[in-house]
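Per TrEMBL, the features are as follows:
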- His128: active site, proton donor (ACT_SITE)
- His128, Asn129, Ala130, Val131, His132, Asp169, Asp278, Gln329: AMP binding site (BINDING)
- His132, His168, Asp169, Asp278: Zn(2+) 1 binding site (BINDING)
- Asp169: Zn(2+) 2 binding site (BINDING)
- 52-375: domain 'PDEase' (DOMAIN)
Amino acid sequence: FDYPLQKYAQQGEVESCTRRKVKRLLSFQRYCHASRLLRGLVAHSPGSMHLLDDNYLGQAGHMLSKVSTWNFDIFLFDRLTNGNSLVTLMCHLFNVYDLVHHFQLDMVKLHRFLGMVQEDYHSQNPYHNAVHAADVTQAMYCYLKEAKLAEQLSPLDIFLGLMAAAAHDVDHPGVNQPFLIKTQHHLASLYQNTSVLESHHWRSTVGMLRESGLLSHLPPDMSQDIEQQLGSLILATDISRQNEFLLSFREHLDNQSLDLQLASHRHFILQIALKCADVCNPCRVWELSRQWSDRVCEEFYRQGDLERKFDLEISPLCDQQTDSVPAIQSGFISYIVEPLFEEWHRFTEASLLSQTMMGHLHKNKARWVRLRYAHTPSHTEDKESERQGGGDIP
């Protein structure tokens, strides 16, 4: 981990010590893998599901029967699967779409790949962890089932959509791109300060695909095409490219120029669907949406604390003393989520799912705005709502 600490160090020993401290604070998952092996500890893996009793597995199975519903509680599902929500969900969805048979996948290799992906998410991250990946995957499944899309998608489209959703944030360090750039992290240098995290997520996914041998039986040109399309999908989640995709989407809809018979247009819609799935938390019911909001802000605040500790300029939205959760969320909804989902609403021709999402989005935005100006913690309003017998909005 290359970290520029010269300005903080008065001598070589101090610099070395501080460098080690930062490395511990921002280690990547592979450091954890190595240290576990050195300590002789057994890593938590999907194989640990056998420790669950039949009651828990039965409840998880029942939840999977309702995985296409928008109020699916991914937090409960993760508990019922003993922290294996991503692997369990992906295996189920691959069966739903018969992708194992269609692509002649080896089940051992598939499980190995999915286990590697799940394990390479950082469980210590409040937000960018395997539960977020599972949540995005479940949302993507809901979008793939939309009437405008379902009849048009090929098995390859579905395979790519689910795989990109599952792996889109793999090995996320819990800090953002500006942090990696200003600390001269090696990934920022490697990817020339452009889509640094997204490029790393993609290349990590490709590495795990090759290491697991999941696609090794396919013709080389086909496996290479899959890798490239996964890259195009994952790179589309770069929030700095939001306007680029939003304007293209809006232009297509205004001109009625989308032709889903064309593979390139289906790929574009998969990019949009993944972007929607990635930021869909404010479109969930309040009880789920609020948890995600608290988690992402906690991750921001941790970065801010780290920046303060090492005398770095605190990044926007990362100062817990000035950036409240309601302020962050109401701004995020207004500038990122709402514009994107308004266009998705047009694309789906106001489908039932889209109406549901927009309803939650507007209610949640109103709630955050009220909390922002009332300077009242969200849990206080929740308790008041419960006392008054209120629903989503008191």
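Cβ coordinates are placed from backbone N, Cα and C, and glycine is handled just like the others.
TrEMBL: automatically predicted annotations, no manual curation.
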Same chain, 6+ residues apart, C-beta under 8 Å of the C-beta of Asn129 (AMP binding site), given in sequence order
Tyr121, His122, Ser123, His172
Record-annotated AMP contacts His128, Asn129, Ala130, Val131, His132, Asp169, Asp278, Gln329; largest Cα to Cα distance in whole Å is 22
Residues with Cβ closer than 8 Å to the Cβ of His132 (AMP binding site), same chain and 6+ apart in sequence?
Tyr121, Asp169, Trp292
Highest Cβ count within 10 Å among the recorded positions His128, His168: which residue is it?
His168
Quick one: Cα separation, His128 (active site, proton donor) versus His168 (Zn(2+) 1 binding site), in Å?
10
Report the member of Asp169, Asp278 (the binding-site residues) whose C-beta atom has the most other C-beta atoms within 10 angstroms.
Asp169
Additional residues around Zn(2+) 1, ordered along the sequence, whose Cβ is within 8 Å of the centroid of His132, His168, Asp169, Asp278
His128, Ala133, Val136, Ala165, His172, Thr237
What is the pLDDT of the domain 'PDEase' (52-375) when averaged and given as a whole number?
97
